[in-house]
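Below: the structure, in structure tokens.
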Amino acid sequence: MSAAKIWRPSRGLRQAALLLLGRSGVRGLARSHPSRQQQQQFPSLDDKPQFPGASAEFVDKLEFIQPNVISGIPIYRVMDRQGQIINPSEDPHLPQEEVLKFYRSMTLLNTMDRILYESQREGRISFYMTNYGEEGTHVGSAAALERTDLVFGQYREAGVLMYRDYPLELFMSQCYGNVNDPGKGRQMPVHYGCKERHFVTISSPLATQIPQAVGAAYAAKRANANRIVICYFGEGAASEGDAHAGFNFAATLECPIIFFCRNNGYAISTPTSEQYRGDGIAARGPGYGIKSIRVDGNDVFAVYNATKEARRRAVAENQPFLIEAMTYRIGHHSTSDDSSAYRSVDEVNYWDKQDHPISRLRQYLLNQGWWDEEQEKAWRKQSRKKVMEAFEQAERKLKPNPSLLFSDVYQEMPAQLRRQQESLARHLQTYGEHYPLDHFEK
């Protein structure tokens, strides 16, 4: 059985070199099924297969499809490791200020990561997850979206929020769980959410966001809204059953959604060689009928072009798209992880020194004459000052009142929750000296 794959390099933003396998149509309208059309075209079963579940030819030779003889999906890139544009027709020709925003967002995220990681090591916050090495996937994709597009993140997409101008003070407040935290201290650190910036609150269990994002995209389609949903996840989450359910629902219901997979090499401590045997995550898309592409995740322009084109077509065609961004997780999985137990220092240093997305974009800026060493020093100093000011403010704030543990779930608090709230109040009144209640809002 062979699947029809069309590799269509086009020009400019529309190249995005998408692997096509699916149906096109008008947004918001149902389309006829190709299998039904074929049944009308072929009156004899001897002419063509007419099974409704697949499109294929009959063969008279017994042969199993071998996964290792199918050529791998290529990796789309725009600039090389030296920051040089490879094919001028693929240059997105972004204005200087926008590219500088890319760079400032990526480096500001990197600075915030370093400070919050160290603060966890000092016992100031309970947990943290860095984004080292994956900054290009965040910023490149976020820049290609409209501000009203709905984002479902996993737990390593802080750069998407940062590009949407989420305040540093709220990043810090969430990690500290203080009174300014929109979640009122009830979420783990790095589990951000912001309704005003259309960023759905992050949930810890892997892949739960995938079918939820498909439901949101289906709702957008039903409303005929000019928006899409983007759903981020890692290659490890793609092994969860929710990923299969989400992909299949999106394809069969024809939802305007971008599945954005950050393939960073590891699912916590499990390398990709032990996660799957096929050709990565992008290769799964055609099996579901999803248009797919693999991009260099360390090339912010490749990520931007692919996401921009996928968004345009998702809106126009009411179709799902899958982007697999190949990158590398330079940091530990989290502050609860020690990656030296399962990978070498040389491996990490290679990606940090030889193919870092920030270094590549900086080199591009230097090549263009848009950045120099003096600006670099000044910005590094300024960005650290901004992060430290927000950090110190968040640390001084009180924690939310413990009674808020029970609020914001039901419109009217049920009797059982009221009893639990009253029980906690009595407990703290009796044994309050054993708790740091002076750190909490009264």
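Each Cβ is built from the backbone N, Cα and C atoms, and glycine gets one as well.
What Swiss-Prot records for Tyr155, Arg156, Ser204, Gly236, Ala237, Arg262, His333 is thiamine diphosphate binding site, and it gives similarity to another entry as the kind of evidence. As annotated by Swiss-Prot, K(+) binding site applies to Ser203, Pro205, Thr208, Gln209, with the evidence given as similarity to another entry. The Mg(2+) binding site annotation in Swiss-Prot covers Glu235, Asn264, Tyr266. As annotated by Swiss-Prot, phosphoserine applies to Ser334, Ser336, Ser344. Per Swiss-Prot, phosphothreonine is recorded for Thr335, and the stated evidence type is a large-scale study or a structure entry. The feature N6-succinyllysine is assigned by Swiss-Prot to Lys353, Lys377. Look at Swiss-Prot and you will find 30-50 tagged as region 'Disordered'. The transit peptide annotation in Swiss-Prot covers 1-42.
Site extent for thiamine diphosphate: the farthest pair of Cα atoms among Tyr155, Arg156, Ser204, Gly236, Ala237, Arg262, His333 sits 17 Å apart. For Tyr155 (thiamine diphosphate binding site), the Cβ neighbour count at a 10 Å cut-off comes to 22, with all displayed protein chains included.
The two recorded residues Glu235 (Mg(2+) binding site) and Arg156 (thiamine diphosphate binding site) have their Cα atoms spaced 12 Å from each other.
Taking the Cα atom of each, Tyr155 (thiamine diphosphate binding site) and Lys353 (N6-succinyllysine) are about 25 angstrom apart.
Cα distances from His333 (thiamine diphosphate binding site) to the recorded positions Pro205, Tyr266, Ser344, Lys353, Lys377 are smallest for Tyr266. Cα-Cα distances to Gly236 (thiamine diphosphate binding site) place Asn264, Tyr266 within 10 Å, out of the recorded positions Pro205, Asn264, Tyr266, Ser334, Thr335. When the CA atoms are compared, the recorded positions lying within 10 A of Thr208 (K(+) binding site) are Ala237, out of the candidates Arg156, Ala237, Arg262, Tyr266, Ser336. Here Pro205 (K(+) binding site) is positioned 15 angstrom away from Ser334 (phosphoserine), judged by their C-alpha atoms. Excluding Ser203, Pro205, Thr208, Gln209 themselves, the residues of that chain whose CB lies within 8 A of the CB mean position for the K(+) site are, in sequence, Ile202, Ser204, Leu206, Ala207, Gln212, Asp242. Taking the C-alpha positions, the distance from Ser336 (phosphoserine) to Arg262 (thiamine diphosphate binding site) comes to 21 Å.
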